[in-house]
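Undergrad: Pulled these from TrEMBL:
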type	residues	note
TRANSMEM	B:46-64	transmembrane segment
TRANSMEM	B:70-95	transmembrane segment
TRANSMEM	B:148-177	transmembrane segment
TRANSMEM	B:184-209	transmembrane segment
TRANSMEM	B:215-240	transmembrane segment
Amino acid sequence: MSLRLQAHSLACERDDRWLFRGLDLDIRAGEIVRVEGPNGSGKTTLLKILSGQLADYEGELFWDERPMREARDDFLSNLLYMGHAPGVKAALTPLENLTWYQAMAGQPQDEASRYAALDDVGLAGFEDLPAGQLSAGQQRRVALARLVLTPRPLWVLDEPFTAIDRDGVAALERRLFDHARRGGCVLVTTHHELTPCAELRRIHLGGGGLDDGN
Amino acid sequence: MTGTEGSVSKEVPVVFHGEPGGGLAVAFWATLKRDLVLLLRRRSEVMNPLVFFAIVITLFPIGISPDPQLLTAIAPGLLWVAALLAALLSLDSLFRADYDDGSLEQLLLTPQPLAVLALAKVAVHWLLTGLPLALMAPLLGVMLALPAGSYGVLAVSLALGSASLSLIGAIGAALTVGLSRGGVLLSLLVLPLYIPVLIFGAGAVQAAIFGDGVMAHLAILGALLALALILAPLAIAASLRISING
């Protein structure tokens, strides 16, 4: 089994205009793929299609050289997706939030690893406060703790840098590059400039049928 | 902020996961427990349907007549309709919070079967809405001069029936979760499906008052529940996928 996500002539239409058309992708282990483009150019839509959430597209998706329909279960057990909304319950503590994610990932319940993951994203001492009382950046960090807690090879991250402070951004960037170097794969949208390096590839959206400056 | 942040380089290389195996029971219980904790921390949401039920039943003797004979005649239907509306009232929020904070996408992206996880959410809804309504109903039956012999049947019929109501209602809630004002649409979608449950539920209590056999009614309620238990989770899962796709 190898980590390989492919898309053939992917196209998506929204409100009578093409977000993208004829998009070919081949994403392999050890790569960071940054999807860029102006607001409304379909970055989030592309990530949702590639993570198997949207069925409203044309073209073919392959995981591990098998069509996505057949390989879906296998794909999902290798995927870590983080959307615009962090998926953190405000009424639960960070520790309880991670308990649910750990169970969803099919991992054995292990409190020490949850503490370690929260410590790793700089939330030591905030484990037992309701997440609703934390700042927006800290809530985002609770979601980011999943990167540490539930190891998955393919990360699909939609604007993970939102509301994170400067030190946190640097740490997260290190985490992404480190993941790629260890044989993982990262698909990310962000307006933050990532440090250029060998692993980084870019996909630019926003050409297909869009008016200038729109 | 601690100094350990971002210390990732010492970890083992990325490993691949095969086809998902077990873990379904763990995921089911974790979802059940999470939703129970969440709802118990927002008590007002749990109390709303119960308070609504109590107020409606309290107002009827005042509004119609305190005549026990009249009240006994309408009590089964009244209790059942009020309980049904109370359960309907709480349905809209079943998937709403998850949709808003992004947990619903995460639920859809777990390798576990979505139908089973949705069933966990519905089970929590029944435990904190249907079951309390069923336990409360005999108490309110006293106010409607319900004969003492029918309390048990009332509670059992409501417990069985409300489980079907939660399951059927969740399909509607899943279909309307993507809409900003899905409340009215939700009622229109699920009320026709609620009618069989209402007929046999109220029928069971009526039969108990007249001293007829109640088992036939309860058996049909049980059969409806069995059917809903098998089919509704699949329909909920499909509806959630449609809503998220929108």
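Glycine is no exception: its Cβ is also placed from the backbone N, Cα and C atoms.
As the structure is a computational prediction, the values presented were derived from the model and not from experiment.
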Undergrad: Return the stretch with the most CB pairs under 8 A relative to the transmembrane segment (B:46-64), choosing among B:70-95, B:148-177, B:184-209.
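TA: Between the stretches B:70-95, B:148-177, B:184-209, B:70-95 has the largest tally.
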Undergrad: Using a Cβ-Cβ cut-off of under 8 Å, list the residues of the same chain that are 6+ residues beyond the ends of the transmembrane segment (B:70-95) and lie near it.
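TA: Residues packing against the transmembrane segment (B:70-95) from afar: 45, 48-50, 52-53, 56-57, 60-61, 64, 104, 121-122, 125, 129-130, 133-134, 137, 140-141, 144-147, 150, 154, 157-158, 161-162, 165-166, 169-170, 172-174, 176-177, 182-183, 186-187, 190-191, 194, 197-198, 201-203, 205-206, 209, 240.
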Undergrad: For the transmembrane segment (B:148-177), give me same-chain residues lying six or more residues beyond its boundaries with a C-beta closer than 8 angstroms to one of its C-beta atoms, as numbers and ranges.
TA: 76, 79-80, 83-84, 87-88, 91-92, 94-96, 99, 104, 118, 121-122, 125-126, 129-131, 133-135, 137-138, 141, 183, 185-186, 189-190, 193-194, 197-198, 200-201, 204-205, 207-209, 211, 214, 217-218, 221-222, 224-225, 228-229, 232-233, 235-236, 239-240, 242-243
